[in-house]
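Asks: Below are the structure tokens for one structure; questions will follow.
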Amino acid sequence: MAPTVLHLRSETKPLEHRSALTPKTTAELIKAGYVVNVERSSERIFEDDEFSAVGATLVPEGSWVDAPKEHIIVGLKELEEKEFPLKHVHVQFAHCYKQQAGWETVLARFPRGGGTLLDLEFLVDDRGRRVAAFGFHAGFAGAALAIEVWSWQLNHSEPFPGVQSYPNEDALIANVKKALDAGVAKAGRAPRVIVIGALGRCGSGAVTALQKAGVPEESILKWDMAETAVGGPFKEIAESDIFVNCIYLTSKIPNFVNLESLNSTPDRKLSVVCDVSADTTSPFTPVPIYTVATTFDHPTVPVDGLKGGPACSVISIDHLPSLLPREASEAFSHDLLPHLLTLNDWHNSPVWARADKLFQDKVATLPASALEK
């Protein structure tokens, strides 16, 4: 039997430096009998030579389009918005299962070409727990950026400038510590930060970043299901300087915060929201105070309609872990590896089979017009 070929595509999302496969996991896959083709990439945090050194075959950027149908295409973020149908099995985050804007067009490309989407966001074990996620590093990066934005807004009148990825965590934390010191010097106190979802992967990452940056423990409000059970909106959010939302939702719950709750809170302090989930256009968002996804080039968007108090900015970058691309990629790919090793028989692997069933269920909800393009 011919070996299964995995094709690691280059990422096309601006400033996306992460990778679903790393040289370490690639070496393990090759050791297990897989053939791994790796597209050359100047954006990926890992050098091309790191992959070839462990036995991967380097192929041209974008060559996945013409790869044989039986090759499995492995990527990270969503594909470029194109019209042509997709014939391969794709392993990636597609962001089209929660009725995001344009979801029909994105999803329909797969059945139109006879392809399959195995969405990394929905790879779960038999208990429904995700087998691999970037949550910790998303929360870590989001909280770090939130501190920087809080400090910037205290000391500058112009919008927070664009940011770039860091070579490692130490470099990021050093920068955040400087920002925190500048903010404290201006405000005369440390910021109060509320993290919702503090007990999960994402929330623990956010709390860890705040602690490493030097935010006093008494200034970090760690909320989870117990604290939010009564249903929002919550005045504690408006009374904090920074709100980091780390909740992952697949159904609607009462909003944590909205424009009315911000405008009805006397002496509102909230000036920065980091919506780590970044479900900007999802009807399930518990943070309906903005409608624009932000980017590393333009990290914040203002909250419109405030009647008083400080300006409030939202960070809604949907690939925050790319701020720490090496550590985030290594952690994610390590957790994903046991399941990557079963891709040669993915139909009979429970994790992949569940992802396939979800794909088929979502395809069944597509309007006929989406399939006719």
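Each Cβ is built from the backbone N, Cα and C atoms, and glycine gets one as well.
What TrEMBL shows for this protein is this:
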- 7-141: domain 'Alanine dehydrogenase/pyridine nucleotide transhydrogenase N-terminal' (DOMAIN)
- K77: active site, proton acceptor (ACT_SITE)
- H95: active site, proton donor (ACT_SITE)
- R129, G200, R201, D224, T228, Y248, V276, I317, D318, H319, L320: NAD(+) binding site (BINDING)
- C202-C246: disulfide bond (DISULFID)
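Could you place these features in context, so I can see how deep they sit and what lies close by?
Replies: Using a 10 Å radius centred on the Cβ of K77 (active site, proton acceptor) and all shown protein chains, the other Cβ atoms total 18.
There are 20 other CB atoms within 10 A of the CB of H95 (active site, proton donor), with all protein chains counted.
Around L320 (NAD(+) binding site), taking its Cβ as the centre, 27 other Cβ atoms fall within 10 Å, counting all chains.
Listed in sequence order, G135, F136, A138, G139, C246, Y248, V276 are the same-chain residues six or more apart from C202 (disulfide bond) with CB atoms under 8 A from its CB.
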Asks: Would you mind pulling the longest C-alpha to C-alpha span across R129, G200, R201, D224, T228, Y248, V276, I317, D318, H319, L320, which the record has binding NAD(+), in angstrom?
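Replies: 26 Å is the greatest Cα spacing among the residues binding NAD(+).
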Asks: Do me a favour and check the Cα-Cα span between R129 (NAD(+) binding site) and H95 (active site, proton donor); whole Å is fine.
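Replies: Per the Cα atoms, R129 (NAD(+) binding site) and H95 (active site, proton donor) stand 18 Å apart.
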Asks: Of K77, R201, T228, L320, which recorded positions are close to H95 (active site, proton donor), meaning a Cα within 10 Å of its Cα?
Replies: K77
Asks: Per residue, counting other C-beta atoms within 10 angstroms of the C-beta, which of the recorded positions C246, V276 reaches the highest number?
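Replies: The residue with the most neighbouring Cβ atoms within 10 Å is V276.
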